[in-house]
Structures are given as structure tokens and as C-alpha cells.
């Protein structure tokens, strides 16, 4: 077996059980991975130097094909209400079949860190069949220096083989596509899909399992820090604006998707960004556009002009879930340490497909826990397989697919941290205004940015607020530079009776969804629920 590249020879591929390989390319950087991806026909170049790959059949995550080993430990520590299980025996069969499938291959290996805080990071080794997948995960996680690579001993190992086809009867899974995690052995197996996001979310899921035991709250959020050292975190599902809104030229970016919150503040799990880039433009998102238009960026399912090879970010013919992966250092004001102090503001982003939520609302601590556990948003087209237009969804903790533990674990941690550090909490609607999806229009990003700026710099505290009659939270009545009508959603609807009926419908959906949490929360959190009676007064 031919092995090339810097690595710890005492802990090579054979330690993972990989045998009879043709070779392993260890810790190759972007230029080498570009060469292999292009030579192997995996990807093409854009005119700006980005590496462009298609993911084929799977253009999003497949949460129904994700499985966790149920053993004596996970039997009681896992949230089985939101996760699917396989037996240890089924996982072992799958693992051995992965190893057999890899024989004769040349694999790409990356040794990386999940987590910017050395006290809580997990040493992660990723074997990939495709060179562009190796570049993707190298871009998304954090990269050790050469000395660390020479002594690197992995704690978590991923093997990613898109050409592998699972057998549901043999492996206990649902289809030929599979993501399987064994927390006891710290192994992740990914097969049957070329969608690279499965790798990063598998590392995230692993950190979500282990970090609460260490007193760290793992979060599906972006984070940035202002000139006064004021940290803000932004919760939200894919497509709700985490990446876009945290990329603010006036604030330092900590990260766009995954963070931990512990005794020393906030830290990024990653070393790169993974931005949705449908309709990406230099006017609306200049930093993300520039980062996606250069050497080192990886574009997924983005259509290129046949002649000029310029990306057409408006073309969603392959999927609405087009993506750009790029290193954090491509953002001019990104933090290279990936760490910041205790948050002063928590922002919960919701893409309200009903168009009845205000563009911003201030939450009490009890309301913050209520809306965190509710995780209301809309599934945005293309983020998951089979979703072609927004659908209302309650995804607890704004990340249900990535929660290995019961949501109350994360909810209680959030409430304690908010109280301890006297954090201001906000709910921001980046979804629809002027009507339900299909009738109204998307909330203007300029309005969202203006309101967020005022919230984060403290000026929004000094304006007059009203109590929303449906949801009970505090809504500003005016802000300089923002049309006052847009702050009160009913004023943006032509049909006021339709607004009332739609708002009541959504209130009922909140109440129905939260019923499963009522026994696990205090009375003040239950009282923070939207109330139809309140709306009737």
C-alpha cells in the first residue's frame, strides 16, 4: 500500500481495519486535492477558481437514513423519540462490509479537529473515497499544524464511501443510502450518498452527544462578536439566515453553523462555512459571494455557464439547495481563533411560512426556552430530500435531526446560561410578510439587518414596545429607517380576517406541538405559550 503525506505512521489506516488498499493520500491540501478531483473527473473548475461538484441523486441530507447503535449506554442516554436505532451486530456487519468495499481503493485521509477549544475538541479522522469530499471536510473542520499531524491519534473516525450500497435486510437500514453512528466505538459510516454535508453533520451529532456531559451546550447556530466584545448567537435551521446574518462587515464572525457554549464563552466547532448559495449576489451578500468566487471554495450543485464557466447562482435546476463551502479565513473579518466571550444576545431565527410573525420580537427567559424547544420554522426547499417548497415545521432546539439526547437536556442548559449571563433574547422572522407563502413575499433582508443591528447595539431597548395579541411577546412599534407597517404583520395583509384566522391556526399548531414538552418544563414556560384567548381580547 502506497501512503503519501504527513501523518502518524503508528496510527495509520490499518488501525481502523482498512486493509489491502491501493493507497492513502494523507492530509493533502487544496492544490493537491484539486488535481486529483479534476484528474478523476469528480469536479470541474469555475472561472473564478472554485471547485464545482455535483452530488447526483442526493442533493440534501437524508435524515430518515441516519441510524445510531442502541446499546446498554445509549438505551438510556439517547433520545429515541427523534433517532433511529440499529443493533451493534448490524453495525458490525455494515462496518466489515465497508472495509471490504474499500479494498483496492486509494483513499484520501484528513486528520482534523472538531472544536476550537482544546479542552473540548474531538480529534477526527475522515477517510473519503472522493478527493473533493476530502477538500470539503478539510475546509469545514479545523486543521492541525504539521507537528500535531505527526503525532495525531484520532478519537472519532469517519469513513465516507459514496459508491457503497447498503442492504436494508442485512444492515438494518432503510435504503441503499446510510449514515450509521456507533458512539461507543466512535465510528461513523457514510455510504450511498455524495452529499458532503452528511460528513459535517455527523461530527456535529457526535459533539452534541458528548459535550453536555462536559458542561458545554452544543448549538446549531452561527455566532459573531461586535467591536465592544459583545457576542451574539443565531439559532436557526438551514435556510433561515444563520450564515447570511452572521456575516456582518461590522462584526467579527466566529462561525456560521455549529458552536459550543461553556464556562469560558462560545467556540466554533468548525474552521469553515457551508452557505446556501441559491440567488447569491454580490449586492445582498458580498462577503459570501467573494468567498465563493475564489480558489479553495467548493461549490455543490451550482450550474456553470457552458462557455464562460461562470457560476449561475440563480439557477436552481439541479436543486434549490446549492451550497458553497469555504474556509473561515476567506471572510475578511472572521475570527481565526474561533472563540469569543459570553453572549449578550441570543437570536432565534424562524422562516414563518404563514406570514403572521413580526420581523423581530423580544423574548422573556421563559419565552426563550419555549421557542427554543418549539423550534418553529419552515423547511426550506432543497435542504432535505423531497422538500420542494417551504413547509411549516417544528424542529426542537432548531436542530432536531442532530440531537442525540432529549431536547430538555439542551433546553435546560440554555435557560441556565441565559439566566447566569443576563442575556437578551430575540425572535426574528426571516420568512414571509404580507401574506402566507405563495401570496406574501420574503422579509426584506435590509429590514432584518436594520432590526438586528439595533438589537445587538442596544438601541432597540430604548424604543416603545407593544404586546403581540397572538404570541404574547414584545414587538417594537417603530425604529428609524424601518417602515412602521412591516413591524405589525396584520398591517401588511390586505385581508385582515384572513390574517386573524391564519394567526389563530399557527397559535393552535404551537400549542399542539408543545404538548409533548409540558411535563418537562416549569409553569412559567408553559405560560409563555401563544394563547388564542389572548388573541381574542
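Cβ atoms here come from the backbone N, Cα and C positions, even for glycine.
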(Q) Just to be sure I read the record right: 61, 201, 323 are listed as binding substrate in Swiss-Prot. Which of 195, 209 is listed for the same site? (A) 195
Q. Can you pick which of 167, 248, 256, 257 Swiss-Prot lists for the same Mn(2+) site as 201, 220?
A. 257
**Q.** Lowest local Cβ density among 61, 201, 242, which the record lists as binding-site residues, within 10 Å
**A.** 61
Q: Specify all same-chain residues, apart from the site residues 201, 220, 257, whose Cβ lies within 8 angstroms of the center of the Cβ atoms of the Mn(2+) site, ordered by sequence.
A: 200, 204, 238, 258, 399, 402
Q) Other than 61, 195, 201, 323, which residues of the chain come within 8 Å of the substrate site, judged by Cβ distance to the Cβ centroid of those residues? A) 60, 196, 197, 198, 200, 274, 321
Q. Other than its own, how many Cβ atoms are within 10 Å of the Cβ belonging to residue 236 (ATP binding site)?
A. 27
Q | Integer Cα-Cα distance in angstrom, residue 61 (substrate binding site) to residue 238 (ATP binding site) | A | 11
**Q.** Cβ-Cβ distance under 8 Å to residue 323 (substrate binding site), same chain, at least six residues away
**A.** 197, 274, 275, 276, 277, 299, 300, 301, 302
Q: Would you mind listing, in sequence order, the residues at least six apart from residue 244 (ATP binding site) in the same chain with a Cβ closer than 8 Å to its Cβ?
A: 275, 284, 285, 288, 445
Q. In which DSSP state, out of helix, strand and coil, do we find residue 240 (ATP binding site)?
A. coil
